[in-house]
Amino acid sequence: MDIEKIGKIHPTTEELTECSSVKSTPNYNSINTQSTLELVESDEKKQRSFCDRNGSLLIKVLVLTILIGYFLWATYYQVFLLETSLNASLCTGYGFLIILYCLIIYGISYNYLLKPRVLPKVDKHLWKPLVDSIRETKHSALIFYIVFYSGLAIFLIIDTANDRHRLISLSGIMTFMLFGFIMSPFKSQIKWKTILNGMVLQFILALVIIRWPPGEEIFNCIGNKVTTFLGYSVEGAAFVYGDFLIYQQGVFAFKSLCTIYFIGFCINILYYYGIMQKFVSVMGRFYNFWLGTSACESVNSAANIFLGMTEASLLLKPFLPYLTESELHNIMTCGFATTSGTVLAAYISFGANASTLITASVMSAPSALIFSKLMYPETEEPEITIDNVNITTTSFSSVLDAACTGASDAVKMVLNIIAGVIACLSFIYFLNGCLTWFGTLVGFTTPENSWTVNFFVGKLFTPIAFLMGVPWQDCGKVAELIGIKTMVNEFAAFERMSTMVLLPKSKTIATFSICGFANPGSIGIMISALTALIPNRRAVVTKLVFRAAAGGAVVCFMTACIAGLLIPSNKQSS
C-alpha cells in the first residue's frame, strides 16, 4: 500500500488539532445576525398574532365609527339645515334613521354589557324572586284571569255599543274552541292554563297591533318597508324577463314568484350570521315561559313566523326522533296555520295588505300552539327541554355560499308552487265543467246559478264566514275564498280575492282566514318532509297530519275572529 496516499487521506495529528481549534472559535458576526433575525421574527409574530386576535374587533370598530360619523352628518343636515320634523319622518326619513341607530346601540349594549353583566344579576336578584313569589301566592293565576277577562269584557261592551254585530266573532271563537275540545282524544289531559294564557297573549297582541294607534302605525310602517324591500325583486325580474312580462302583463310565475329567490337569498344570509337563530331562540324561550309549551314546540312556533313548515322543521332536525306525538302534532299544526316569509310578496302582489299579512303571521304562531294543545294534549314526558335544546348551526362555508344556496333552493319551491297551482286549478276547472254539465240538465244554466265547485264550497263555508264577523253581503264571497284556499291553495285564493269587490273589514278578515298552508298540497309536502327527516315515525306522522291540517285551518279562522271582533265595521283599510 502506498504510504503517501494514505497520508493524504488521513490528516496528521497536527492538522486535527488545527481544525479543532478553528471549529471551536466562535463566529460572533453570525451569532449577532441570527439573534437579530430571531428578534425580528418574534416581533412579526407578535404583530401577526395581534391582528389575528383583534381583526374582527378592529373591523367592527371601523364600521361603527363610519356609522356614527354618518349619523352625525345626517343629524347636522336634517336638524340644523332642513329643520326636519321627527314625527313626520318616523317611517321614511330621519326619524327612521334614529330608530335604526337605537336598534344598533341596543344590540351592542346587549352583547357587551347587558347580557354578560347586567341581565344575569337582574335575573338572579329581581326577576326570579318576583316570579317565584307570584307563583307561590295562592290563587294568583285565578285572580289574574278574572281581572284580565273582566277588563276585556268591559272593553268590548263599551267598544261595541254602536256595533253589536262585531260580537258575532266572539261566538265564532267559542265555536271553534268547542270544535277543538270535541276533537280532542285526551280531554282529561288538557292543560287549561296553557289555553287561557294563550288567549291572553292573542288578545294583547291584537289590541296592540289593531287598536293601539302607535302599534298600528308600527306594523303599517313595517308592512310598507316589507313592500318596498320586496319590490326590488321585481326590478331584478324585469332585467331577466323584460318589462313586458313583468310590468305590463304581470305574469304570476315571472313577477310574483320571483320574489322567492330574493327572500331565500336574504334569509340564508341572516342565518349565516346567526341573526335569525337568536331571534327565534328568544321567541321560543318566551313562548316556553308564558305558555308552558315544550322547548321544541316553542322554537318551532317562533320559526314558523318567518319560515315555511319544512324549513322550520329543519331547525330541530337532531331532536325530531325524540319528540312526543303531541309535539309532532304541534309542529305540523303550526306549519299549516302560518305562512312563510318567502311567499308574502306573492300575496302582496295580489293586493293583500302587507301589515295585515305580518299581523296574521305573528298572531297565528301562539294561536297554533294553544289550539294544538287543545286538539291533541300532551300525555307523555318531553325529553327535550329548554336547557338542552340548541338550534342547528348552518353548514355554509361563507356568506356567499349561504346566499347562493338560498337562491338555488328557492328554485325548487317556485317549481313546486307552479306545479301545484297548475295541477290543482286544472282539476278544479275539470270539476267545474262536469258540475256545470250536470247543472244544465236540471235547469241551472245562468252563470250566477251554475253548479261549480266555488258555488257549493261557498254555501258550505258561508256560516263560518258569518261566525268570523264578515258582513252578510260579503259572506258568500269570503266563503268562496276559504273554499279555494282549502281545496286548492292560498295563492289561488289571493288571486281570486284580487278580482273581488269587498268591504275593507271583509277583506281584512278574509286575509286572516286564508293566510296559511292548510291545503291538500301542503299535506303531501308535510308528510314527505317529516318522513324523510324521521322515517321511523312515518306511522305517527300519517296518523296525525290530517288532524293537524284541520287544526291549522281553524287557527286561521280564530285569528280572523279576533280581527273581526276588534276592527270597527266602518274602518277603512290601511
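Using the three backbone atoms N, Cα and C, a Cβ is placed for every residue, glycine included.
Please treat TrEMBL annotations as automatic predictions, because they have not gone through curation.
These figures come from a predicted structure and were not determined experimentally.
TrEMBL annotations:
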DOMAIN    172-243  domain 'Concentrative nucleoside transporter N-terminal'
DOMAIN    254-352  domain 'Nucleoside transporter/FeoB GTPase Gate'
DOMAIN    357-564  domain 'Concentrative nucleoside transporter C-terminal'
TRANSMEM  55-73  transmembrane segment
TRANSMEM  93-114  transmembrane segment
TRANSMEM  142-161  transmembrane segment
TRANSMEM  167-183  transmembrane segment
TRANSMEM  195-212  transmembrane segment
TRANSMEM  252-274  transmembrane segment
TRANSMEM  286-308  transmembrane segment
TRANSMEM  328-350  transmembrane segment
TRANSMEM  417-439  transmembrane segment
TRANSMEM  509-532  transmembrane segment
TRANSMEM  544-567  transmembrane segment
Folded-back contacts onto the transmembrane segment (328-350), same chain, C-beta under 8 angstroms, at least six residues removed: 226-227, 230, 233, 250, 252, 255-257, 259-260, 262-264, 267, 293, 296-297, 300-301, 304-313, 316, 320, 357-358, 360-361, 364-365, 367-369, 371-373, 375-376, 410, 413, 417, 490-491, 494-495, 497-498, 515-518, 522, 526, 530, 537, 540-541, 544-545, 547-549, 551-553, 555-556
Confidence summary (mean pLDDT) of the domain 'Concentrative nucleoside transporter C-terminal' (357-564): 85
Among the ranges 55-73, 167-183, 286-308, the one whose Cβ pairs under 8 Å to the transmembrane segment (142-161) are most numerous: 167-183
For the transmembrane segment (93-114), sequence-distant contacts whose Cβ falls under 8 Å of one of its Cβ atoms, 6 or more beyond its ends: 64, 67, 71, 74-75, 78-79, 84, 86-87, 221
Structural state census, the domain 'Nucleoside transporter/FeoB GTPase Gate' (254-352) (DSSP three-state): 77 helix, 0 strand, 22 coil
